[in-house]
Amino acid sequence: MIAQNNVRSTNNDPVESSESYPITGGSNGAGTSRLFRQFGSLFSSPTPPTDPAGYVEFGSISDPAASSGRTLGTFAGVFCPVALSMFSALVFIRVGFIVGNAGLYVTLLQFIIAYVILLFTVSSVCAISTNGAVEGGGVYFMISRTLGPEFGGSIGTLFFLANVVGCGLAISGCAEGIIQNFGPSDGTGSGTIPDGRWWRFLYCSSLNTLMLIVVLIGAEMFAKTSMLILGVVVICLLSTYISFLTQGPMEVSIPHENNLVNFTSAAYTGLQADTLLSNLHANYSKDYTSNGNQVNFAVVFGVLFSGVTGIMAGANMSGELKNPSKSIPAGTLSAVLFTFLCYMALSVLIAATTTSTLLQNNFLFLGPVNLWPTFVTIGILTATFSTGLSNLIGASRVMEALAKDRVFGPLMSFVVKGTYKNNPIAAVIASWVLVETILLIGSLNTIAQINSVLFMLSYLATNLACLGIEITGAPNFRPTYKYFSWHTAFIGLLGTAIMMFVINSIYALSSIILCLLLVIALHLFSPASQGAQWGSISQALMFHQVRKYLLMLDSRKDHVKFWRPQMLLLVSSPRTCCPLIHFVNDMKKGGLYVIGHVKVGEFADNDSSTDPTIEEYTQWLSLVDHMKVKAFVELTLSRSVREGIQHLIRIAGMGAMKPNTTILGFYDEEQSKDFFEHEDSPYKTNEFDGNGIQLFPYRKSGESKLLGVVDYVRVIDDVLRMRKNLCLCRHFHRLDKQMIARNNHIRYIDVWPVNIFEPKNEDPFDVVSQFMMQLACIINMLPVWKKLELRVFLCESETLSENSAAFERPAEHRLDQRLKLLRISASIHKIPEWNKDIDFAKHRTILKQFTGNSDSNQMMAEENINRSKLYMQRINQIIRDRSNATAVTFMYLPTPPATLSVDYKEKCHHYLDLLTELTFDLPPTILVHGIDAVTSTTL
């Protein structure tokens, strides 16, 4: 797709063969309270016209006040949801269990540890939430838009599971409260409802079903009551504080399901110093709600942390906050401080008034010791039911978000289809089923540990996201929250990672493995467009590290021992050279691989408002994806192919990672083959055809070439003068790697280390031949190719021995020793006809005229030209006779004619004609010319 006077494409392609090269052409364009309503509205509302993804991206700027529906302030929008979520079932049901087993000192320490982790995680949440609008989905949204779809989708899935487990935890707590007040364990010895494992599962299932009905019918109504529910919980908690300060000693009955002790009551002492002293230190016992399992530090911390996992509720509300950047930090931090003080005060009062015996054997002792027991019942039911309901709604909304983002492709399409009036019915039902599964566990304390681990993993990922962004120094990461640094993110990350394993190493390891499996699965199967649409921190981290190591990579410290090929393949139209693109990908041996392309035209004549190579660049990247090669792409716009190649040779790569080998297609008249359209081609695709436009057009039969023979030879000379190794590739349209793999007829890789134009007996030992053998050896090391035998053909002539003393040993022995020193496994084959049929001395002077080593400025006689062609045909026949089972042939490329020689243009034509005769009807052939030594025989 070349433009001659401007950059508009034509169908003329300067490609001079069906292979690669001369590069021209181009391509035509081808959790809580109003959180629930927040989730529902955000994921069902129309997409803002400014963002096709429906989200405000990382680093974007929005005006929340200008958005409709943003009516909440700090207290109602952040403080209430966060505080209510952090109270949950813990405040009325399990603080006594924690103090009774861990003792006051360890309890206070655990609360401090938990809140330090929460505080640093809140800093990360505030940093992300004040660096752009967090639309909905809470942790999932923040991580997916920061870490990318793989990590975001996997952590979002775990956050969804955490909400499911949290719902099960709250339901279990609610059922305990109901049985405590209405069942046999109410202390009177009788009750209105029966108790037992399956009775409890029935009650939990009934509560879960009730929540399902509320979510399906009245979720929005419930979302408006967060302040009222929090007020009820706070009043109930105040009644507990007052009772501790005023209530005198009493005996409190032990629940009947506690069969670990043989007594029926334990003492509540009221405020007493002796009671406080006896509760200062740890006194771990057995948990009567989980089949008598031994309690330890990890179990207690797991239960404690499960009750304080609601810090994300405020960030989830940003879509309805008047001023998110102010409300989220202020509301979340104030709620964290408020709940911390409440828990600390409650822990001290419990330790000073209640014996450890009662605390360990009746987890619901707060009801009997309260001046108004009904308040505790109301507190338990409202706190647990509201938390469970919020988790169920949150889980369904996160699931809906995952489905709408198509993180798992069509697997969750039923969720999107099952939405009615902005309510994700299918997601709610799926979440309800999973909660039912969690309820089968039965023990609240066991569920609490699972819940804690899953939420900790979510917090770990949030800290990791912020730490990664801060390390990369992304300019667009400018949070208005000023108390964040990489230190806070690192401490939060380290704290959550350690405490996950402290709580339960098996649960933690299982969660991490699940997360990694999800990351791998999403990386392989998730739509690739999401990474580009959202942005991925992995790209920023890789850029940061690659830049650092590129600066450390010093070309002055290069050593031949660590040489590897760094390839620049010049391509005109990739349609005609797919096998060559793949072959060079094999030959690079872990080195740099750049596919270069020149678009002919004048930048000043460009009608477009942008550089045309910018649009084409994405098409070439798609080509690299289709070919499945590990290559970079470099495009340039130039007035001529030759000038463009010079640009690419100079600028391709970066720092010390620059190509050392340039690869061109051969200049010939062979008909090009379109590998994208050919039925039997492994590269067949319609991806680059559409709307009547064929991307990467190539020169059709009868069309003129835009690159002449002289310019092509000059390009060869330019490459060598720029100190780059050079390969000319011919017949690679015949290369069929699949056939080589399955056909035992193809058995060899051949190397012909002799300069046919100027043959010498020392040719097999010069730099060019060593480079040729190195490339052949590299190919022979790779899968498919390693089954082939490497053959080196020794072309020795007695008439060319200029110094007999230098060649006392036979050349075959010398070559064998050299191959052993180079650790190249190859067989050596002598050519008898070389001395018998060919008079090298007779043709040497004639052929030398066509190379850059000629000292003659005489005119070339027609007779000499014809004799040279006949000579090349004889050499070609010798090679062809030995190439019936050859996959690839490596041959010596002589230097082109000197540019200042007489009849330079004619010599260029004859030089290329001789190469054409030499390689006629051979297998895929590479003419090689090396510049510097690339092999080493020393350690």
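Just so you know, the numbers here start at 1 and follow the chain as drawn.
For all residues, glycine too, the Cβ spot is worked out from N, Cα and C.
For the ranges 1-27, 676-702, the feature annotated in TrEMBL as region 'Disordered' maps to 1-27. For the domain 'SLC12A transporter C-terminal' (579-669), residue counts in helix, strand and coil come to 39 helix, 22 strand, 30 coil, using DSSP. Only sequence-distant pairs (6 or more apart) were considered; of these, fewer than three Cβ pairs between the transmembrane segment (198-219) and the transmembrane segment (226-244) are under 8 A, so the stretches are not in contact. Distant neighbours of the transmembrane segment (450-471): 117-118, 120-121, 123-125, 127-128, 139, 142-143, 146-147, 151, 155, 158-159, 161-162, 165-166, 168-169, 301-303, 305-306, 309, 312, 438, 441, 477, 484-486, 489-490, 492-493, 496-497, 499-500, 503-504, 507-508, 511-512, 515, 537, 540-541, 544; these residues of the same chain sit at least 6 beyond its ends, with a Cβ under 8 Å from one of its Cβ atoms. Panel annotation: around the transmembrane segment (372-394), residues 31-33, 35-36, 39, 81, 84-85, 87-89, 91-93, 138, 163-164, 166-171, 173-174, 176-178, 180-181, 207-208, 211-212, 214-215, 219, 222, 226, 229, 232-233, 235-237, 239-240, 243, 310, 313, 316, 364, 366, 428, 431-432, 435 of the same chain, lying at least six beyond its termini, place a Cβ under 8 Å from a Cβ of the stretch. Simply put, out of 111-134, 226-244, 327-352, 483-501, 507-525, 507-525 has the most Cβ pairs sitting under 8 Å from the transmembrane segment (155-178).
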